[in-house]
Amino acid sequence: MPTVGIKKVILDKHFKRVYSEKEFDELCFEYGLELDEITSEKAAVEKEQGTRAASDLNDQEVYKIDIPANRYDLLSVEGLARAIRIFKQEIPSPAYKYADVPKTGLQKIIVKKETAQVRPFVVGAVLRDISFDADSYASFIDLQDKLHQNICRKRTLVAIGTHDLDTIQGPFEYRAEAPKDIKFKPLNQTKEYTAEELMTLYSTDSHLKAYLPIIQNHPVYPVIYDKNGVVCSMPPIINGEHSKITLNTKNVFIEATATDKQKAFVVLDTIVTLFSQYCAKPFTIEQVEVVYEETGVKELYPLLSYREMTVTTPEINTKIGINLKDEEMATLLNKMSLKAEVAAKETLKIVVPPTRHDILHACDIAEDVGVAFGYNNLITKLPESNTVAVAFPINKLCDNLRIEIAAAGWTEALNFALCSRDDISSKLRQPDALSHAVHIGNPKTLEFQVARTSLLPGLLKTLSSNRDMPLPLKLFELQDVIVKDSNTDVGARNERRLAAVYYNRAAGFEIIQGFLDRIMRMLNVNPARDGTGYYIEADENSTYFPGRCAKIIGPKGVVLGHIGALHPEVITSFGLTLPCGAVEINVEPFL
């Protein structure tokens with residue numbers, strides 16, 4: 001969930017009144033938002049970078065507001081204040097419209113076929129006669145950053161470029177060229193660089209280096225030229241210095257290149273609808289014509305589509321648990337920046353503006369009705385039918401086991417279900433384990449790459465983090481592991497396991513075996529080799545020390561797991577220095 005930080009004085013300016021902290025907190029709650037924190041620029045920088053870095057900043061209050069991830073129209077103070085003022089019925093919903101076609105015609109972007117290799121789509125728009133001040137200019141830049149981090153998925157799906165139209169001339173060309181053939185002066189630089197040189201230059205830039213891999217391995221890079229061959233931008237990396245916008249910019253040319261065309265529509269609509277309020281003719285946007293040279297297809301942007309939806313009031317009432325009349329529900333929806341009217345008895349026709357791309361289904365309409373009605377006004381009542389909850393047998397069994405194990409002097413550990421690839425393979429001396437593991441498609445950290453196939457890595461990490469505690473350390477965990485299974489509909493299944501480790505100056509095999517005996521006694525399983533009880537049998541497992549490992553065989557000859565002294569390489573790979581005994585069994589056969 002993105003967080004927007006806005007100075008209180010700017011909020012007051014846009015709301016045209018002063019809210020107290022309590023009033024604004026309640027107002028946010030009414031609209032389905034949350035005032036996360038009240039801080040200041042100085043306090044925020046002091047917290048992250050220290051007192052010296054914050055010495056030149058001011059102490060003006062900054063309200064940090066949590067915004068739903070799909071409400072891109074609330075990512076700037078312009079959209080937030082407008083939406084809440086409409087909600088408070090202080091202003092009507094604006095009507096977004098296209099500007100008249102200039103005498104010189106619409107601006108054009110001609111798309112060359114080579115762009116299909118790297119970023120095939122582009123959209124554009126023009127904001128004419130716009131007036132920026134310091135606050136609105138900063139908000140304009142900040143909105144682009146917020147969009148890049150959210151819907152644009154860090155510029156992989158969409159990259160936004162904004163330019164001073166008075167410094168460049170159309171028609172524009174969107175090309176894809178070899179890096180050595182692209183040369184221009186990038187934003188905030190004093191000399192020209194080739195695209196190859198820029199990749200080296202920005203490889204150490206804390207902000208831009210994250211975007212380099214998006215195009216770095218492509219044979220061609222995307223680039224936008226104006227009529228005179230001036231480079232406007234090299235998306236998704238950097239804009240050109242020549243066309244950068246300033247406080248004095250009067251006409252803004254907006255382009256957005258994309259790998260996802262739908263996301264580009266949404267991004268462009270969001271920017272122009274929020275900032276067209278600063279144009280001489282508010283909420284008026286000039287279109288840009290995009291021409292695909294290879295196919296001859298011509299498209300006009302932005303779309304500014306007003307979509308129509310039809311819902312029935314009984315359906316919405318049932319979802320929320322209220323009983324509103326048609327007219328009452330229409331009034332509530334109008335407060336949420338929608339245009340609703342009664343089309344027929346128990347039927348509403350709703351017009352969704354281009355700011356509300358989050359409205360996709362009748363459920364979204366129901367959510368807006370709930371917000372406008374007020375969640376605090378919903379009456380809680382008991383359902384007409386009773387359903388009595390019953391614990392799953394496996395959970396009931398595990399809860400009983402936990403109580404008994406803790407009573408025996410063992411401490412329970414709770415570890416993450418995800419771990420690194422090394423944790424379940426090389427560190428456990430199990431090179432084949434990765435073929436049985438469920439892998440995360442796009443892991444954010446090295447610690448969360450696969451779903452665990454064993455409980456031992458988590459317990460050994462816990463030991464490593466607590467090795468300064470008094471010995472012995474006796475830990476257990478009773479949780480799920482995830483293993484591949486082609487017989488299930490998703491190709492994997494959960495398996496409930498119990499694992500324990502004993503860490504001391506001696507491996508304490510007798511301690512860990514005593515733990516196993518106690519567990520079996522609690523499960524009413526006696527030592528026996530006739531298929532009715534359990535027994536251990538010497539076995540080889542590379543995780544354990546040779547000659548000090550056994551497999552545990554349960555009723556009906558089912559192999560439950562292994563017990564033994566861990567191999568020294570396993571112990572040292574987790575940062576431990578003393579011997580360690582371990583046991584891990586599957587508890588599901590005991591159901």
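Glycine is no exception: its Cβ is also placed from the backbone N, Cα and C atoms.
Among the features that Swiss-Prot reports, domain 'B5' is placed at 304-380, with the record citing sequence analysis.
Annotation comment: Swiss-Prot describes Asp358, Asp364, Glu367, Asp368 as Mg(2+) binding site, evidence class sequence analysis. The C-beta environment of Asp358 (Mg(2+) binding site), restricted to residues of the same chain at least 6 apart in sequence and closer than 8 Å, consists of Pro68, Asn70, Arg71, Tyr72, Asp364.
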Neighbour-count leader, CB within 10 A, binding-site residues: Asp364, Glu367, Asp368: Asp368
Residue counts (helix, strand, coil, in that order) that DSSP gives for the domain 'B5' (304-380): 33 helix, 18 strand, 26 coil
